[in-house]
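Summarising the annotation, TrEMBL assigns domain 'Chorismate mutase' to A:2-94. Sequence annotations record features per position, and here TrEMBL assigns domain 'Prephenate dehydratase' to A:94-269. What TrEMBL records for A:281-358 is domain 'ACT'. Per TrEMBL, the feature site 'Essential for prephenate dehydratase activity' maps to A:262.
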């Protein structure tokens, strides 16, 4: 025991010494960040200090070189906070997101920017765009592919009338929790959730809660609200919703597929530079000629550019009937992407680069 | 420009090198934490890994030795997160707090424990106590002196029937914001808030919003909810409430006194060891004899123990009429505190040490 106490004392001394060194190095890092800011400000008094490409590179390196025992996501989270603190020395970033508080979009904003920024909840995607367009916020975070709603078409549509660009994407692993005031699964008569969440947990519900009726509501937050009113009911929703509505988490991570993610976009006034692993989102339209889509896509094939997503949306403008939102691999400054885009421009009525940005660092 | 670009490149290389070293040291720290846990588990398979006294010592040192340019609070925040991540390797702490989400109590819980713990919102102080008493949560966080409610008597009262002890305190600087859907102060006809918040912002309101009627409501959250319904009204509430109800922050930090803090207690099943700068909270009662309070306090004076707070509360038990909640400087294991307590026990009908715990690290 006394030997153990002795050992504990020694390890604590070692931790104290490590803490001193960590603090010293973080402080040197903050000095460097101030030096970078000074140089940038000399070049351009309006310079932006937030560089999504550079931050993505730092986080990727942390991810790949993390030696353990902390897992790579936790280590990346700590570096996100260190970068956030260093950046706040130079510039207090204001980030608008689709609220209310406690939603995945807020979690995405904090995951991307760290806790040293000011976040502000907006009540609609439209408002997030307006806050950033008017300069009231530096950046905005909006959902684009939401596992409970599919593709968020309102975000896509809003890009048609906005000068903003996409300067980042965030992916969150989404876990579903079974929330209730009840403490026993056997007491649950009804399960509320958005239909997609019910679908994502179907196998679990079949095996563990087969007696309960399933009712689909407009959102998981609404489901949690309903479940809070009736102790014989439960909701499938997030841990954040459990907090918000004071419900117990009766069962955790009940989604059938363990890799359920959802995707958000960071929007801002300025394009991001290449980070080495980037995506480009495009808005393309052409007259509604048969075969036009196939024709539009051929430059990508010709230049070996991979498409990762394509969505068609009815246009709200008069001159064309459809617009396509296309995500491709690479940055618009990459040679083969630039070549494909230049061919595409010769064929399409409209080609807008919505943004080239670093791929999400999970 | 090219010289600047060159310099920027060099500084970024330096940042990359620093990041590598920081990651290496944090990883070594996590290794040490695992080693501490292994030794403790060998001694006692049920060992607790969270040590409030030790964490307070680490944070105090960080605070006092922080070299800048980051401010000491921001540096302490980063270390709180590093410790939180290291602790989570050993034990996933569950922390219950008085909800809902977005309240100061949640902010206090995250400030104290970092973001690697699970926090759960409860709807009442009573429930926070019950969660921790039943072992469903490891710790609880409850308000004790709230600038919008004064002393939180319900928390004091609940200690009379609880075996839990106080193992920490958290102080938060409270800032008041003026929230509204309006964008111009001139449009505001009504200001809602809790009466104490209205009082704390009286001078600001007199000079900047003299035209507006002031209406006091049960809580600042309720005020924000009301203000959200009427664009000619505003609420005095927190930035978190602005997020929650989607309101603009029309004016920031409008409190008349710049050092407005509020205090929370961390409650748990086990006492904390001495950290060198501690407080002790006591529950004391005596029959209602004239002069009994004066007599009760004399052992503290005799042993040079400072009282920092005293509150009397009507007792809900039959044997005495009043109980006193007293905070003193020092840990109950300190010689002079122990001597004072032993004298006190000879005089009072009841002396309960509610806890000795590290003073809040701001």
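Quick reminder: no glycine exception, Cβ is built from N, Cα and C everywhere.
Note: the domain 'ACT' (A:281-358) comprises 24 helix, 31 strand, 23 coil (DSSP; helix = H, G, I, strand = E, B).
Each residue of the domain 'Chorismate mutase' (A:2-94) gets a DSSP state, and the totals for helix, strand and coil are 75 helix, 1 strand, 17 coil. Of all Cβ atoms in the protein chains displayed, 20 besides its own lie within 10 Å of the Cβ of residue A:262 (site 'Essential for prephenate dehydratase activity'). The secondary structure of residue A:262 (site 'Essential for prephenate dehydratase activity'), as reduced to three states from DSSP, is extended strand.
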